[in-house]
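**Q** Here's the feature list from Swiss-Prot:
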ACT_SITE  GLU132  active site
BINDING   HIS131, HIS135, GLU202  Zn(2+) binding site
TRANSMEM  7-27  transmembrane segment
TRANSMEM  30-50  transmembrane segment
TRANSMEM  146-166  transmembrane segment
TRANSMEM  177-197  transmembrane segment
Amino acid sequence: MFNWVKTAMLMAAITALFIVIGGMIGGSRGMTIALLFALGMNFFSYWFSDKMVLRMYNAQEVDENTAPQFYRMVRELATRANLPMPRVYLINEDAPNAFATGRNPEHAAVAATTGILRVLSEREMRGVMAHELAHVKHRDILISTITATMAGAISAIANFAMFFGGRDENGRPANPIAGIAVALLAPIAGALIQMAISRAREFEADRGGAQISGDPQSLATALDKIHRYAAGIPFQAAEQHPATAQMMIMNPLHGGGLQNLFSTHPATEERIARLMEMARTGRFD
């Protein structure tokens, strides 16, 4: 129930941001258009955003015949977590990473890159997929997928405002400063919304994943490996769709500046330290 409240609050916040942007670009008419656009995006995000994200990454669905070891691993972990079997996808990318998406546990999907399967041991891979299934169990996946879709739309509108400006109620060109302000501030606002919901979720998914797998140390060593390997391997699809970065187990973006300042993931060192403490004490609270 609480996650439905968070989802509703997220949709309301992003709708309000759309309306503000619309008003800055086109006055009251722009606000009306932005409201209608936001309502349409909310509907689309709920029903179709997971399919869009998987398509962005050219993810290929696999089964017990095409990826038997990986598929059986996910099935065993889903059983341990008392979850329905999610759809399982592979992404042909060297960069090691993984994510979960969908609107609820009954309509969930997990995806991993071919790179992460090469880099991690079987135990470490179990830790990673348990982390992703924890996102499913906690019903984080709808929030993260909607946020990725809407943040991408906000960036597109900001770019439109920067290059084409807008019109006021009388059809005259809007203040160009407003367009520049929208282009600069809208992506920051979108990033702040992502930050507000992403960092705490990752700690909770680490804890939940450690409970599902029963092996917090393997998730800790997996995070360390992913962090080290990913630093030297660009993730092209993620760079092209930066709004989806917060869905990943590890931030896949390599840019500096705002991308580091507004990182949607907590520090890897802190995540590892918390997991190693769980391994030492045997406590997951």
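Just so you know, glycine gets a Cβ as well, placed from its N, Cα and C.
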**Q** In DSSP terms, helix, strand or coil for HIS135 (Zn(2+) binding site)?
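**A** Looking at the DSSP assignment, HIS135 (Zn(2+) binding site) belongs to a helix.
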**Q** Measure the Cβ-based neighbour count of HIS131 (Zn(2+) binding site), defined as the other Cβ atoms within 10 Å of its Cβ.
**A** 28
**Q** If I restrict to non-local contacts, at least six residues apart, and a C-beta distance under 8 angstroms, what lies near HIS135 (Zn(2+) binding site) in its own chain?
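**A** In sequence order, the residues whose Cβ lies under 8 Å from that of HIS135 (Zn(2+) binding site) (at least 6 apart) are ALA100, ILE141, SER144, ARG201, ALA205, GLY208.
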**Q** In angstrom units, rounded to an integer, how far apart are the Cα atoms of GLU202 (Zn(2+) binding site) and GLU132 (active site)?
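**A** Cα of GLU202 (Zn(2+) binding site) to Cα of GLU132 (active site) measures 10 Å after rounding.
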**Q** Give me the sequence-ordered set of same-chain residues, not including HIS131, HIS135, GLU202, with a C-beta within 8 angstroms of the centroid of the Zn(2+) site's C-beta atoms.
**A** ALA100, GLU132, ALA134, ASP140, ARG201, GLU204, ALA205, ASP206, GLY208, GLY209, ILE249
**Q** Provide the three-state secondary structure of GLU202 (Zn(2+) binding site) computed with DSSP.
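**A** It is helical.
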**Q** So which one is it: of the recorded positions GLU132, GLU202, which has the fewest other Cβ atoms within 10 Å?
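**A** Checked GLU132, GLU202; of these recorded positions, fewest Cβ neighbours within 10 Å: GLU202.
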